[in-house]
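Database features, via Swiss-Prot:
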type	residues	note
ACT_SITE	His147	active site
ACT_SITE	Lys149	active site
ACT_SITE	Asp154	active site
DOMAIN	142-169	domain 'PLD phosphodiesterase'
SIGNAL	1-25	signal peptide
Amino acid sequence: MKRKNKKFTEIFIAFILGIAIGVLGYSDYGTDLINQFKISHTPPPKIKHYNISQLSRSKVSTCFTPPSGCTKFIADQIDTARESIYMHAYGMSDSLITAALIDAQARGVQVKILLDRSNLKQKFSKLHELQRAKIEVGIDKVPGIAHNKVIIIDKKKVITGSFNFTAAADKRNAENVIVIEDAELADSYLQNWLSRKARNG
């Protein structure tokens, strides 16, 4: 008798699971889950990696906080752009960096930005100010936090490090910024940026 009850229970559970899977598959929620699974499991492109000996031939600059001043360091680098700027950022609330990006757009530099989805709700995010300046700003909606802090200038210079583009990073936190002038390395970062953009549609 116990065996029959156990068998019945197993069949009943399998039946319920089958219905649930069927409903999910044909509902908007189920479709969203499936699409998110597809996006998150899309294999990333193969991007060239670099070792120290290769990078040692590049021109490298650094900035650290404290003391403050790295936002100006970054803004000055943005001011050197002549053709293009690609940014991938988690936090984007610094006024000086925002102004430098808007100035670059105004002088004819192609500026493209991908921001973490948290910027849609953050009170001090410069998302809308950048959009009003006609800068192409996309939201990185791929599952997980878009925690990159990267700026690619003229496809030959990379700004990266721990430094979020925020006032807190400049005034309160212990952070670092590194600028590497190397066209091949910049292309590696650009391919990663383009990959993230493509995965967001």
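Note that Cβ sites are derived from N, Cα and C of the backbone, with glycine treated the same way.
The two recorded residues, Asp154 (active site) and His147 (active site), show a Cα separation of 22 Å.
Within the group of active-site residues (His147, Lys149), the Cβ with the highest number of other Cβ atoms inside 10 Å belongs to Lys149. Annotation note: Lys149 (active site) sits in a strand segment as assigned by DSSP. If you draw a 10 Å sphere around the CB of Asp154 (active site), it holds 17 other CB atoms from the protein chains shown. DSSP places the residues of the domain 'PLD phosphodiesterase' (142-169) in helix, strand and coil in these numbers: 3 helix, 11 strand, 14 coil.
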